[in-house]
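> After the structure tokens below, expect a handful of questions from me.
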Amino acid sequence: MTERVYGVTPPISTALPTEVEKRHNDNLARELRSQGTFETPAGVASREQVLRSLEAIVDEFVRRAAREKEPKNTILIRDAHGRVFTYGSYRLGVYGPGADMDTLVVAPKYVTVDQYFNIFPDLLVEMAPPGAITDLTPVPGAFVPIIKFEFSGISIDLIFCSIQTLKQLPAEKEWNLQDNSLLRGLSENEVRSLNGTRVTDEILNLVPEPATFKLALRAIKLWAQRRAIYANIMGYPGGVAWAMMVARVCQLYPKATSSVVVNKFFHLLWKWPWPLPVLLKDIEYGLSVTRVPVWNPKIYSSDRNHRMPIITPAYPSMCATHNVGKSSMAVIQQELAIGAEVTDEIMVGRRPWKDLFTKHSFFTTGFKYYLTVISSSRTKEAQNTWSGFVESRVRVLVGKLEMHQSIGLARPFNKGYDRVHRCRNDNEIEEVQCGSLAYVVKDEPTDGQPKTEAKPEIKTEDGAPPTPKVGEANGTAVVKGEHGDAAVKLEDVPEHTQEFEIYTTNHYIGLQLAEGAKSLDLSREVNDFKAMCTSNEIFDKELMFLTIQHIKNTALPDDVFEPGEVKPSPPMKKKKRAADEDMKKPPNKRAADEEMMKPLSKRQQMTPPKRQQPTSAAPAATAAR
């Protein structure tokens, strides 16, 4: 009996693992556990209970939708039920503490997306244990409509799809979504909703040893997160893309341990002949169940533009890395090269596995200059919408920067920094909108309404608050109490001031200038980006604001650095003689750093720093290759 061949090519090696490789694998597993990548038994049980609760709520939701659709059809209502499927890291079995649960509600054809948003949120709160549902945020306007919430402390992203070919869903527990005919009659966003689960199941079916794949994937996920190259929305591979890359390596080394798969992963992907796509199976063409296009660079010019195509195995196949741009790909390739070097040393016993998971140096040594995109709002609800929209467009700004002849690399950080600020007047609000952190607060944000804060209340001897008499003099006031008058200082009389909470999200882009660049004017790119964002229908000029500034590494806020990290410091001052010589220079000449730090709104001219050669400790890739 011949062994099954996984993937689109024969394996590179079918050698069995050596004893040394097994020991390296045991060490890898221990390191991943020490890094906290595995969920606790209590956490596993809690997630399973949440899923059981969601299944009961979804069944009731479908029954109510059926009753609303055909109130007299008792058989339809009696047999109505829905299904809950997971996808992503939870379904792959590689989730850890605090991880989101990506979840899909599947319903029969008569249940509409409008009913999903009109009925389900209230029903969720009604049927869940009291207080279990928090941060409930329906997002009906998203490309894939979604309801976000926390259920007993577990973050849930819940999407929806109704199967247009089924009047009722099958009752069998083993029923799944792998049948391509289930896509018939669905729109593109509905196909994408269903394909989250379909792709995850296909990946698991296409790897030789699921346990080997899962341990290796945990390692690669942790590495990508630590190196800040994990976020589809910011132009890096997301979770499913990293999973497919690991799965392809497993196909090529079907008998290898997870430790060997990790080492081969770096070597293979670093030297991969892009734009040759990564495929787990042959792409299916010619099926007529949906009008959603299948990835095909021979037909579609947009597909030919994909720099790093990693193709989903479920029909219709799509590119999971269409957001990867020139800079992010350069960064990924450099990180892969570093990973190959580190794991080579690990496999010969010269370094421990923890060295693979060292944190990025994006803020510490990565760049000298940064752009920061600041979205801000007057309410928390508005900021949730506005910051999410701006985040989804940051990679568009990065693309514009990459096209500038003076920019060699524009690397976006893979996440934003949310802050809450408490301001007392319009001037302070404007400062916050322009990037000031002078009014940031660390306590729990409120609903964004004006707050009233008073000084500690001064009371009379009987405990009653003082009531100032008219005609205060000499800095005192006479106040009445039930047992007589008393004099208090005016500064001790409570003063009530209104405070407003402003919500901001900062996204940082590291800039590296091209070799030989003399200056850099970003006014066009910045203004085009701001116009694109503020012209969208979700923008509310009374509530939402957008600012873009550039800052030096020495001016980065403290909260982007973790304990133990060293914040870049300004260069030491020149000696007095050099300072005296500088005083003699014409006053109209400015230092390059001074030019770099001028506000974008006033001047867009930036003089490039001297080019520095990257080291293995710095994640920023060089622009020239």
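Cβ from N, Cα, C; glycine included.
According to TrEMBL, the protein carries these features:
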- Asp100, Asp102, Asp157: Mg(2+) 2 binding site (BINDING)
- 614-625: compositional bias 'Low complexity' (COMPBIAS)
- 7-207: domain 'Poly(A) polymerase nucleotidyltransferase' (DOMAIN)
- 212-359: domain 'Poly(A) polymerase central' (DOMAIN)
- 361-569: domain 'Poly(A) polymerase RNA-binding' (DOMAIN)
- 443-472: region 'Disordered' (REGION)
- 558-625: region 'Disordered' (REGION)
> Would you count the other CB atoms within 10 A of the CB of Asp102 (Mg(2+) 2 binding site), including those on all shown protein chains?
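Its Cβ shell of radius 10 Å holds 24 other Cβ atoms.
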> With helix taken as DSSP H, G or I, strand as E or B and everything else coil, how many residues of the domain 'Poly(A) polymerase central' (212-359) land in each class?
76 helix, 4 strand, 68 coil
> Can you list, in sequence order, the residues of the same chain other than Asp100, Asp102, Asp157 whose CB lies within 8 Å of the CB centroid of the Mg(2+) 2 site?
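Residues close to the Mg(2+) 2 site, other than Asp100, Asp102, Asp157: Gly88, Tyr90, Met101, Thr103, Ser155, Ile156, Leu158.
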> Counting only residues 6+ away in sequence within the same chain, which have a CB under 8 Å from the CB of Asp157 (Mg(2+) 2 binding site)?
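Long-range Cβ contacts: Asp100, Met101, Asp102, Thr103, Ile146, Lys148.
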> Including all protein chains shown, what's the count of other C-beta atoms within 10 A of the C-beta of Asp100 (Mg(2+) 2 binding site)?
16
